[in-house]
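**Q** Please read through the structure below; I'll follow up with questions.
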Amino acid sequence: EEAVFLRKKITLVRAFSLLIGSMVGSGIFISPKGVLKNSGSVGFSLVVWFACGLLSMFGALCYAELGTRITKSGGHYIYILETLGPLPSFLFLWAEFFAIRPANSAVVSLAFGRYMLEPFFAPCAAPVPAVKLVSLLGYYMVLTLNSWSVTWSARLQTALSIVKLVALALIIVPGMMLLAQGHTENFQDAFDRQSLVLDKLPLAFYAGMFAYSGWFQTSFVREELVRPERNIPLAVIVSVITVIVGYMLTNVSYYTVLGTQDVLASPAVAVSFVQRAFKSLISVVPVLVALSCFGTMNGGIFTFSRTLFVASREGQWPPLFSMIHIRRHTPLPAVMLMFPLVTAMVCIGDIYHLMNFFSFSRWLFIGLATLGLIVHRHRHPELRSPFKVPLFVPVSFTIICLFTVAMSFYSDPVNISIGCTVVLSGFPVYYLIIHRQMSNFLRTKFSSFFFSHSDYLTHKLQLLLEVVQQEIKTY
């Protein structure tokens, strides 16, 4: 009885909550170990944290300009498609679906399960099977909510963003109090060069950038934003500055209370911090951290489903995934698609190996997206964007991203090679199924099955899921 399309329900406050809720998640509670391990000392790790924050701000400003130039949702995918063409955009989509997003979701889910069970098993470590079971239950709850309602998903994100800031405050305040009392012994010889290994620095940056990742989330839901030309830059700038300040203070608090060996030995740094500094909250902080991870899972599902939705609409993904539930007005098929891969990675994966595995592909394509901004400016000088950053910002961000990706081959060749293989495996798929210059025989053989709207399987699934194509364009 009414038009079926994705409504504009994301206000400035919800956009801010989406960014905060996506950035402040598992990263700040698990990444300090990875940053310290690969940077070698307390001082260099703090430099890495600040550099990652500054780099994230550069990237966020680039994406804010792209969001005002390109009016479609889809984030990295649509920006690469509109600026660099269909092949690199499909390779991103391929890597995102089979490597980046499921591995990222698995990392956050495992952190959720670990922190949720920590109070029940302390001082012992929670059993691995129990952690994985709780991780999957949390992920399935978020999956169900995103299938049910856009409004309630956005409301949950707003509420959990407040919880995240409270969790950070409970770590920052006691740490700053101890620092003010003169507890600076853990900062002696903070810049010890003997433990610095340059070829490990890219892995330190990967861990730090993982904690900041989420600054690009508004670009995935651009068509659902209210007043995007104004709200995207404003939400991005305020949220990234907030997170940089919060992360720096949190890490200083960690090091004030815990020594380097304590951080490296801890499977859950925030829990070790509370055990040492704030024993009265030993059962509260892990739950708050788990809820922070829950919010990150919610933001990740909310945004990635829009990537699949847009890719299907652009003809690079099966048409079923550009359909919307007739009553709920949610992209139900796109939301549900990640279910099997995330389940598999949670069951077989380890947090730090998964982090290196997906970071290569993620930062490669983010660097290509900001390179696309430079290309788009050159090709369309007539476009007057309401928000524009100085040219050195996208240039420096792109160079740093691509240099870090290249250096990571020396740091972790096994996981990086696997990630590279996943990306390259998309080439034959693209030329067999997507590329429009293929022979009529191949087009009939492959493309008709995957992309025809009259396909029998698509029709039956459409009836089963009660979904239809979007009736009006919102971009």
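Any Cβ shown, glycine's included, is placed from N, Cα and C.
Keep in mind the model is a prediction, meaning the values are calculated, not measured.
Relevant sequence annotations retrieved from TrEMBL are reproduced here:
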type	residues	note
TRANSMEM	12-30	transmembrane segment
TRANSMEM	42-64	transmembrane segment
TRANSMEM	76-100	transmembrane segment
TRANSMEM	120-142	transmembrane segment
TRANSMEM	162-183	transmembrane segment
TRANSMEM	203-221	transmembrane segment
TRANSMEM	233-257	transmembrane segment
TRANSMEM	277-297	transmembrane segment
TRANSMEM	332-354	transmembrane segment
TRANSMEM	360-377	transmembrane segment
TRANSMEM	389-410	transmembrane segment
TRANSMEM	416-434	transmembrane segment
**Q** So if I exclude everything within five residues of the ends of the transmembrane segment (162-183), which remaining residues of that chain have a CB under 8 angstroms from its CBs? That is, six or more out.
**A** 20-21, 24-25, 28, 246, 249-250, 252-254, 256-257, 270, 273-274, 277-278, 281, 284-285, 288-289, 291-292, 295
**Q** For the transmembrane segment (12-30), I need the partner stretch with the highest count of C-beta pairs below 8 angstroms, choosing only from 42-64, 76-100, 120-142, 203-221, 389-410.
**A** 203-221
**Q** Can you see whether the transmembrane segment (360-377) and the transmembrane segment (389-410) are touching - at least 3 CB pairs under 8 angstroms, only pairs 6 or more apart in sequence?
**A** yes
**Q** Counting only pairs at least 6 apart in sequence, do the transmembrane segment (76-100) and the transmembrane segment (389-410) share 3+ Cβ pairs under 8 Å?
**A** no
**Q** Which sequence positions outside the transmembrane segment (233-257), separated from its termini by at least 6 residues, show Cβ-Cβ distances below 8 Å to it?
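**A** Same-chain residues near the transmembrane segment (233-257) but 6 or more away: 12, 15-16, 18-20, 23-24, 28, 32, 42, 45-46, 49-50, 53-54, 56-57, 60-61, 63-64, 68, 165, 168, 171-172, 174-176, 178-179, 183-184, 186-187, 211-212, 215, 218, 263, 269, 273, 276-277, 387.
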**Q** Which one of these stretches, 120-142, 203-221, 389-410, 416-434, has the most C-beta pairs shorter than 8 Å to the transmembrane segment (42-64)?
**A** 203-221
**Q** Please report, as numbers and ranges, the same-chain residues at least 6 past the borders of the transmembrane segment (203-221) whose CB is under 8 Å from any CB of it.
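**A** Apart from its flanks, the transmembrane segment (203-221) reaches 10, 15, 18-19, 21-23, 25, 27-28, 31, 33-35, 37-39, 45, 48-49, 51-53, 55-57, 59-60, 63, 66-67, 73-76, 79, 104, 107, 228, 231-232, 235-236, 239-240, 243, 247, 296, 299, 302-304, 306-307, 355-356, 359, 362-363, 366, 404, 408, 411-412.
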